[in-house]
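One structure is given here, and the rest of the page talks about it.
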Amino acid sequence: MGNGAKLPVPLTVLSSSEADAALHALQDASPGSLTVYVVPESSSLLPQGTNVYVGKHRSALVRAGQGLAALRARLQQLTRVMSFTASSIAAALADRVPDGQLGPDARRHLKSSLGYEITFSLLNPDPKSHDVDWDIEGAVNRYVQPVLDKLSVVANFSVDSQILYYAVLGVTPRFDKESSSFLLSAHSLPHVINPVEARLGSSAASLYPVLNFLLYVPERSHSPLYIQDKDGAPVPTNAFHSPRWGGIMVWGPGSASLPLHVDVDMVRVMEVFLAQLRLLFGISREELPPEFQVESPGNEGLADWELDRLLWAHTVENIATVATTLTSLAQLLDQISNIVIKDDVASEVYRAVASVQDAMAELAEGRLRSAFQASKEAVTSSERAFFDPSLLHLLYFPDDQKPLEIPLPGPCIFFIPACL
Amino acid sequence: MAAALSAAALLLGCCGAALASGVQDQAEQFFRSGHTNNWAVLVCTSRFWFNYRHVANTLSVYRSVKRLGIPDSHIVLMLADDMACNPRNPKPATVFSHKNMELNVYGDDVEVDYRSYEVTVENFLRVLTGRIPPSTPRSKRLLSDDRSNILIYMTGHGGNGFLKFQDSEEITNVELADAFEQMWQKRRYNELLFIIDTCQGASMYERFYSPNIMALASSQVGEDSLSHQPDLGIGVHLMDRYTFYVLEFLEEIHPASQTNMNDLFQVCPKSLCVSTPGHRTDLFQRDPQNVLITDFFGSVRKVEITTETISLDRDLAGFENELPKDELATEPLKYADQLPVAQIIHQIPAEQSV
């Protein structure tokens with residue numbers, strides 16, 4: 001170790017995760033950095049068959065390999081996994097890239113926003129038969145809040161929950177004799193969401209995008225209900241999600257005597273919902289070769305390096321947004337020569353330009369956290385300037401279209417003496 | 001030799017099939033729209049009793065769009081809304097769209113976002129461009145993003161290059177085109193479908209220059225759009241011809257239908273409509289043959305099966321945040337006597353304290 005610190009226990013007796021945790025204490029793991037420890041090829045620190053161990057902080061353990069070429073290949077693959085790649089940056093700029101180059105899949109992640117609203121809803125279409133009990137408050141405090149605390153760098157999150165009674169799905173499930181259960185086929189899933197959506201509601205005050213997570217307890221007459229994938233096999237999670245919208249999970253209580261008290265196992269539910277939250281944000285595990293082992297982030301929901309990847313993507317997206325917004329504003333001002341810009345709009349523009357230059361400088365130095373903060377400020381300022389309500393009057397109702405106002409006093413002077 | 005040839009032919013055939021299916025997949029992906037949500041902005045620009053048909057037009061489109069799946073939170077409806085409760089309406093609280101009062105399009109669950117004198121050119125442009133005062137509630141905003149397909153339907157009285165708003169102002173085709181360009185600059189839409197049912201409607205889409213816009217109009221420049229049928233009970237014309245036939249066409253559409261835009265272009269030929277409907281697709285990237293009606297009129301979401309879960313540690317005592325208990329001991333509260341009614345009624349004087 002370069003800084004001469006000592007570990008309390010020799011590395012060789014620790015497992016990979018313990019070693020990673022011990023090494024984490026010695027690192028200077030600033031956001032955006034990546035520390036790679038190369039261990040000898042024959043070391044027993046990594047289990048048999050594993051050549052790369054990706055920790056849940058910002059470090060990884062790599063076997064040296066048979067030669068420099070093998071090591072280089074492993075390091076290249078590791079950086080592609082743990083840090084940003086050309087394609088992930090291109091995906092962040094997806095709305096500025098022409099259609100043909102990226103697949104339709106590239107544009108589905110949530111856009112970078114200053115905040116997000118998360119709503120958990122329990123749908124009970126059959127309250128006569130099922131008395132459903134879900135401890136959402138406890139589950140949010142215990143399982144969701146740690147994940148949101150970790151994501152609090154990215155945006156502000158607000159969480160609410162509701163229970164909707166007599167809310168039915170838009171499709172009728174099919175009865176399958178072999179498994180004596182009801183099945184929802186994959187191609188009917190797109191039509192499930194719409195009838196429910198009208199009843200979901202959203203906070204009237206906030207303008208942040210809403211993520212809906214629905215737990216559906218099917219009616220007694222349609223229990224148990226399973227979701228089928230395209231090949232007809234039942235889905236183990238019994239859940240599906242829609243990009244930029246949220247996810248739905250079907251809970252399957254067994255049929256028993258009425259009224260059935262249903263105790264929802266919030267851990268199972270939250271495991272699915274939090275996985276869907278990761279997917280909606282675009283944090284997903286790509287296919288890795290078997291020699292890679294990735295440590296599970298546990299209750300925190302995501303590893304530090306996954307958070308870093310999200311921040312890289314959002315920073316780039318923010319900077320691109322600011323660039324196009326300010327350019328478009330400048331073009332607008334060029335077109336309309338007699339426009340008058342209010343002082344506060346002008347100051348927002350200056351602030352946006354300064355912030356975005358800051359952000360680019362910080363990115364060049366690799367200081368991810370401050371680059372992201374600067375990019376957020378730049379986006380806030382540029383949006384405020386572009387969407388300022390005063391600009392509308394000047395663009396669409398410029399002075400040369402208003403009717404002439406004729407000063408009045410002249411004729412009135414003659415009338416007033418007549419009235420007196 | 002023959003065996004080699006036939007083997008080669010078989011191989012080519014297999015390759016050809018594989019290639020074809022690969023190309024098919026790619027083609028499917030390419031022609032699918034990349035939108036994830038749908039919005040609709042429905043504007044009726046007229047007021048007064050004799051413009052009943054414009055309100056009925058807009059409300060009928062509103063109902064179709066709701067039926068096909070777009071929720072109220074994603075519909076911005078601008079109406080003068082002076083029909084249902086108009087003193088001249090023989091059937092109050094209703095707006096009918098068919099002769100013999102078959103279909104009440106007003107219904108119980110109409111959510112009008114901009115009503116009466118709020119339907120102005122300025123508000124319409126504010127909705128489209130997003131330059132809205134911060135105090136505006138969520139229901140009055142168009143919160144679309146770069147993955148939204150937006151349907152914009154306008155009806156009322158129009159002329160060559162302008163559309164009249166409530167008899168007091170007008171919007172020109174240049175302003176409309178500029179508003180769409182502002183939307184495109186901020187990527188406030190993925191694709192936009194613009195439908196207009198007014199006289200000389202085609203003039204309104206002549207000046208569009210932003211990409212991904214498809215436009216339909218009920219009549220060409222120089223032609224008038226005509227109304228459909230008067231109702232002798234109500235005393236006014238109930239609908240315009242073009243919208244009437246568009247709605248008949250939409251009645252056949254359900255959320256899973258595969259009907260495409262080319263069929264919509266055929267709706268209401270000159271024999272039925274008297275005017276010549278027009279359309280404009282040069283700014284649109286996809287071929288109208290591949291654009292589904294439900295891409296704009298409905299809200300069919302792309303879904304994916306969730307195959308991953310994360311693993312949570314069930315008994316993690318450390319993370320349990322103790323909810324703050326209400327520690328203040330509340331004293332028992334009494335309800336104070338608000339008014340000594342008994343004393344007042346029986347004229348009992350209040351007891352004097354010594």
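In case you wondered, yes, glycine gets a Cβ from its N, Cα and C as well.
Here TrEMBL flags B:1-20 as signal peptide.
Summarising the annotation, TrEMBL assigns active site to B:HIS157. For the recorded site, B:HIS157 (active site), the DSSP three-state label reads coil. Sequence-distant neighbours of B:HIS157 (active site) (same chain, 6+ residues apart, CB-CB distance under 8 A): B:THR45, B:SER46, B:ASN51, B:LEU163, B:LYS164, B:THR198, B:CYS199.
Under the heading active site, nucleophile, TrEMBL lists B:CYS199. Take the CB of B:CYS199 (active site, nucleophile) and look out to 10 A: across all protein chains shown you find 22 other CB atoms. B:CYS199 (active site, nucleophile) falls outside any helix or strand according to DSSP and counts as coil.
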